[in-house]
Structures are given as C-alpha cells and as structure tokens.
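According to Swiss-Prot:
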BINDING   GLY75, THR78  Na(+) binding site
TRANSMEM  4-24  transmembrane segment
TRANSMEM  32-52  transmembrane segment
TRANSMEM  67-87  transmembrane segment
TRANSMEM  96-116  transmembrane segment
Amino acid sequence: MLTIVAIALFGALGCLARYLLAGWVYAFVGRGFPYGTLTVNVVGAFLIGLIMEFSLRTTLIPQELRIGLTIGFLGGLTTFSTFSYETFRLLEDGEFITAAVNVLASVLVCLACTWLGIMTARHL
C-alpha cells in the first residue's frame, strides 16, 4: 500500500513539475520548437539514470521511495505522448526538418543524459 501511495503522491508532484518547467521554458524561448517537452524529457532521463544507478549501488533509497521517484515523479514529469503529438503536428504542418530534429534530439540527448546520470551516481 505504501508503494501505491508513493507512486500517486510523487506522480502528482511530477505532473506539477512538468507543467511548471515546460511552461517556464516556453515562456523563455517561445513555442517555435517543442523545447519544453524536450527539457522535461532530458531532465527525466538524467534523473532516472542517477536514481537507478544510485539505488543499485547503495541501500540509502528504500524500494518504495525508488518506485515513487521513478514510476511516480519521473512518470509524471516526462512525456512520450506529448513528444509524439508535437512531432506529429510538425509533420502535419510540413515541418519535416524540425520534426526530424525533434526526434533525433529527443532520443540522442535523452540517452546521453541517462548515461550522464549513471556516471554521476557512480561518482557519488
């Protein structure tokens, strides 16, 4: 039961964090490219690498907290569905290069940030 509560509470916090962070990014750089979605996904990629690697190397993060942080918070923070929708809209609008850049940037930068999170955790 504690795990379910952790997922729900951290999930709510992750959703709020996504809304606030993406909104701040869009307010700062505009909406010509899906920077807000890219930002939350990149942050989430780094954090999942950090949290998972750290939890594999130590017992400092209880299982309920790890699940709450990864499935709950990061599940609420990151968004593959919004990434998919925004990319589809770019394609529909004929913005083929922008759509391709979005896909490549999302995949490559997120993978790099996951690796960076893992490397960071290994040096803690």
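Along the chain as shown, residues are numbered 1 onward.
Cβ coordinates come from backbone N, Cα and C, glycine included.
Around the Cβ of GLY75 (Na(+) binding site), the same chain contributes ILE7, GLY11, GLY14, each under 8 angstroms and 6 or more positions distant in sequence. A 10 Å cutoff on Cβ-Cβ distances gives THR78 (Na(+) binding site) a total of 22 other Cβ atoms nearby, all chains included.
The list of residues near the transmembrane segment (32-52) in space but at least 6 beyond its ends in sequence, with Cβ under 8 angstroms from a Cβ of it, reads 17-18, 21-23, 25-26, 61, 66, 69-70, 74, 77-80, 82-83, 86-87, 90, 98, 101-102, 105-106, 109-111, 113-118, 120-121.
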